[in-house]
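Notes for the one structure printed next.
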Amino acid sequence: MRFDALRAWGREYLKESKLPSFKLDADLLLLHVTGKKEVALFLDGHEEVDDTLCSHYKDLIKKRAAGYPYAYITGYKDFWTLTLKVDSSTLIPRPDTETLIEAALELDIHGRVLDLGCGSGAIILALKKERPAIEATGCDRIKKAIELSKSNALLNHLDVTFTQSSWFDAFDNERFDFIVSNPPYIKEGDKNLDGDGVRFEPRSALTSGFDGLDDIREIIHKAPLHLNNGGYLMLEHGYDQAEAIKELFLEHGFVNTGSKKDLSGIVRVSYAQYFKE
C-alpha cells in the first residue's frame, strides 16, 4: 500500500471515531510505525509501505480510535525538556503539571527534594534537569512505576534516587527542603473519568475520595515531620481545590501560602512553608 494511501486511510478511520485530533494522530502514528521524519508526509507519498508495517499501523489506528491514549501506544511522552517512557502503570504527564516545575523554580528549589507519587518520574526528573545540585528522590507505591522512573532517569542521564513507598512510609526519619507532589485529586465518580484516554489510565492515580482531597489531607498532615525548618510543600490540585488546600495548610501550621495558575488561568499549584516551633 502506498504511503499516501495509508495516511488517508488512517485519517478517515480516526475521523469516524470523532477524535478532534484525528489528522495529527493518524500522521504521527504513521511516522512512528515507519520510522520516518515529518518531511516524509510531503515527500514520500508514492513510496510503498510493506504489508507488515501496514498491518501494524492499522492495529494502532484501531487502538487510538477506541480511545487508547496516543502516549501509551507509542510508549513515549515529552514533558518539560525531557522525553519520557510511559506505560499504563502510571499517568501520562500533562502540560498542566509543568506549572509545578515553574513554581518550584521560582521558589529557588534547593537542597533535598522529594517527589511523592512520582509515577513516570516526570516532576523530579525535570527539577533535577533544571537544578543539578539538588539531592533528588522520587517515590511511588507501585513497583512498575519505580522501574519506569529509573528507566527514565537513565534515558535522560539524570542522577535521581527512586524508592518504592506509599507516601512517607519509607522515610521515617528523613527530612527534606522541598516536598512536591501531583497526587490523586479527582472526586470519585467524576464524569470526566470516562473521557477520551483518561479511562485507560490507572484510577488509583486519579481519584481520592468523595471530594478528591483524601490523599492531599494525608500528605499535608504528615509533611511537617519530613520537612527541614523553613521547608516547602508544593502540590498540584484540581481547578476548584485551592481554597480548601490553603485552609488545610493553615490548620497544620504552615505559613507563607502561595499558588500559581496554569496556562488556562486556573490555580493549579499551591504551596506553603513550614517552620518548627
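Just so it is clear, glycine is given a Cβ too, placed from its N, Cα and C backbone atoms.
Here is what TrEMBL records for this protein:
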type    : residues                                       : note
DOMAIN  : 6-75                                           : domain 'Release factor glutamine methyltransferase N-terminal'
DOMAIN  : 99-190                                         : domain 'Methyltransferase small'
BINDING : G117, C118, G119, S120, G121, D140, W167, N182 : S-adenosyl-L-methionine binding site
BINDING : N182, P183, P184, Y185                         : substrate binding site
Cβ neighbour count within 10 Å of Y185 (substrate binding site):
23
Of P183, P184, Y185, which is closest to G117 (S-adenosyl-L-methionine binding site) if I measure between C-alpha atoms? They're all binding-site residues.
P183
Among the binding-site residues listed here, G117, G119, G121, P183, P184, which has the most company in the form of other Cβ atoms within 10 Å of its Cβ?
G121
Where the record names G117, C118, G119, S120, G121, D140, W167, N182 as binding S-adenosyl-L-methionine, the maximum Cα to Cα distance in Å:
15
Going by DSSP, how much of the domain 'Methyltransferase small' (99-190) is helix, how much is strand and how much is coil, in residues?
30 helix, 22 strand, 40 coil
Per-state residue totals over the domain 'Release factor glutamine methyltransferase N-terminal' (6-75) - DSSP helix, strand, coil
48 helix, 1 strand, 21 coil
